[in-house]
Amino acid sequence: MSFSPQEALHRTIEHGEIFFDEMVDLMRQIMRGDVSPMMTAAILTGLRVKKETVDEIAAAATVMREFARPVPVADTSNLVDIVGTGGDGSHTFNISTCAMFVAAAAGARVAKHGNRSVSSKSGSADALEALGAVIELQPDQVAAAIDRTGIGFMFAPIHHPSMKVVAPVRREMGVRTIFNILGPLTNPASAPSVLMGVFHPDLVGIQARVLRELGTERAMVVWGRDNMDEISLGAGTLVGELRDGKVREYEIHPEDFGIAMSASRNLRVDGPEQSIQMLRAVLDNEPGPALDIVALNAGAALYVAGVASDIGDGLARARAAIANGSARQRLQQYVETTRALVA
């Protein structure tokens, strides 16, 4: 007998936990469109108010992965996702998108999962499109891009078509729900390592433990104390690191890596064009906080991907990839490859 939406709603109202198998059953019903929009909204609200547990999030992510269109990557060694939940309200340029090119040029392979802007001035899809890349690639084309360039961008609407069932509900609700934290957990290429930024400090430990439940090998979940879903230059950054099946929580600071502190306002942009200008300046090795934050985040990605021995080593590799022009070349190679794949 399936777990009824009514029971789920009652459980959340009473601040009770929905167990893993129950949540799997419930999410399948929601993703199939078997639960009414009104009931779906009520359940999502109940989960948000009581705060989602590790098991609830892991179960929901498991079902989203079931319903996704997977990317057939034959070799996932050194494959990493650099992703953020968004919603931090910082309106910075596309740091993780820029870090993707740097990390790939420095030896990692990146399978980035993203979408258009929801809360920021420029989402990863918006930035890549402005750079001239084709973002609406099919799963086999993304796999080919990874094989040829070490980079693949998975545009969420193509890989998660079943999300259209809940899209109207989410849009009408207009508040964060569990779906805001599921996207970064549902990489269609099954990247074994992840650098994930989150919008709230409570999610640092939670998301790291969810990733462990989902079988991720290595991960860093980060939240900057200046409310950035990146490793920040403006304050300390809380880290939940998953390694060898254990989650360790700690804090890092830019000074730990010889980087001067800089307020996030120095990285803010008004839209995709300004974001692209800043991204290109970084890849042209223009000194400043934009280059520093990209190199630091790319360095962390290289660490979790197993390319670097620690973040400091990753930072050095990232800076070298920017300075020698290979990161800029990787951007151009990626843009040309995506165009060729659809020609």
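Quick reminder: no glycine exception, Cβ is built from N, Cα and C everywhere.
Copied over from Swiss-Prot:
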BINDING   Gly84, Asn115  anthranilate 1 binding site
BINDING   Gly84, 87-88, Thr92, 94-97, 112-120, Ser124  5-phospho-alpha-D-ribose 1-diphosphate binding site
BINDING   Ser96, Glu230  Mg(2+) 1 binding site
BINDING   Arg170  anthranilate 2 binding site
BINDING   Asp229, Glu230  Mg(2+) 2 binding site
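Sequence features, as recorded in Swiss-Prot, placed on the structure.
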{"residue": "Gly84", "record": "anthranilate 1 binding site", "Cβ within 10 Å": "24"}
{"residue": "Thr92", "record": "5-phospho-alpha-D-ribose 1-diphosphate binding site", "Cβ within 10 Å": "25"}
{"residue": "Ser96", "record": "5-phospho-alpha-D-ribose 1-diphosphate binding site", "Cβ within 10 Å": "26"}
{"residue": "His113", "record": "5-phospho-alpha-D-ribose 1-diphosphate binding site", "Cβ within 10 Å": "27"}
{"residue": "Asn115", "record": "anthranilate 1 binding site", "Cβ within 10 Å": "18"}
{"residue": "Arg116", "record": "5-phospho-alpha-D-ribose 1-diphosphate binding site", "Cβ within 10 Å": "17"}
{"residue": "Arg170", "record": "anthranilate 2 binding site", "Cβ within 10 Å": "18"}
{"residue": "Asp229", "record": "Mg(2+) 2 binding site", "Cβ within 10 Å": "28"}
{"residue": "Glu230", "record": "Mg(2+) 1 binding site", "Cβ within 10 Å": "26"}
* Structure fact -> By Cα geometry, the one of the binding-site residues (Gly84, Thr92, Glu230) nearest the residue listed as 'anthranilate 2 binding site' is Gly84
* Structure fact -> Rounded to a whole number of Å, the separation of the Cα atoms of Glu230 (Mg(2+) 1 binding site) and Ser96 (5-phospho-alpha-D-ribose 1-diphosphate binding site) comes to 8
* To do: Work through the binding-site residues one by one (Thr92, Ser96, Asp229) and name whichever has its CA nearest to the CA of Asn115 (anthranilate 1 binding site).
  => Ser96
* To do: Look up Arg116 (5-phospho-alpha-D-ribose 1-diphosphate binding site) in the DSSP assignment and reduce it to helix, strand or coil.
  => coil
